[in-house]
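Asker: Structure incoming, see below.
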Ligand SMILES: [Zn+2]
């Protein structure tokens, strides 16, 4: 990944008013003016940001000097990752105007992709972490009193070629819907991060940052790199945050047993 991917932000802070300025929320002409006047600051490190608003890439802010921020957040983000977290932010703030993009958790010094009050931390995860790295992040969110909801990037979704997708059998004993939301049964390749997620929470969510469609896997069993699961697909726009977490229209149809948290 290019070095310039580092230190890219979607939120800037106005140097004089302290107001947070989110890409897409504020007219680009106004952001350009602030940028030219040197009035944009990074909410994390306080360094100066400049607006990058060309025709090709998603508009963003870039650090004039990266040193401070790079020391803190070493991991560069891809364009797909930025689009994914923007999609989450734009959808979920409709019901929660105080939602924040790229929110900094003071207590644990983490950066949350999207914070939605009262306590949701939405993460769009495309990069591959080890199980241990993922568990460490999850633990930090718990320490901060946050309920983390993980959306895997659609690039991580992988059907196993040797076992083609098929309709869910009428004789399948599980209480799952069979004819809605592109229902299918199949086998999927997963990595150790997905396995760690499944040990903590019973469903996997994949978000396509371009179409904003959510793919949901409801596990039947998993072994090594193979997950056998029911697959559903529906628009992110139909999903909501409710007190016990992410709610999708599928949740009305799924058996209680399948939705219960299966901590081991
Ligand atoms: Zn910074």
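Numbering starts at 1 and runs along the chain as it is shown here.
A Cβ is built for glycine as well, from the same backbone N, Cα and C atoms used for every other residue.
According to TrEMBL, the record shows the following:
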type	residues	note
DOMAIN	40-71	domain 'Competence protein CoiA-like N-terminal'
DOMAIN	77-162	domain 'Competence protein CoiA nuclease-like'
Asker: How does the model score the domain 'Competence protein CoiA nuclease-like' (77-162) in terms of mean pLDDT?
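Answerer: Mean model confidence (pLDDT) across the domain 'Competence protein CoiA nuclease-like' (77-162) is 93.
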Asker: Treating G and I as helix alongside H, and B as strand alongside E, what does DSSP give for the domain 'Competence protein CoiA nuclease-like' (77-162) in helix, strand and coil?
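Answerer: DSSP classes over the domain 'Competence protein CoiA nuclease-like' (77-162) add up to 30 helix, 27 strand, 29 coil.
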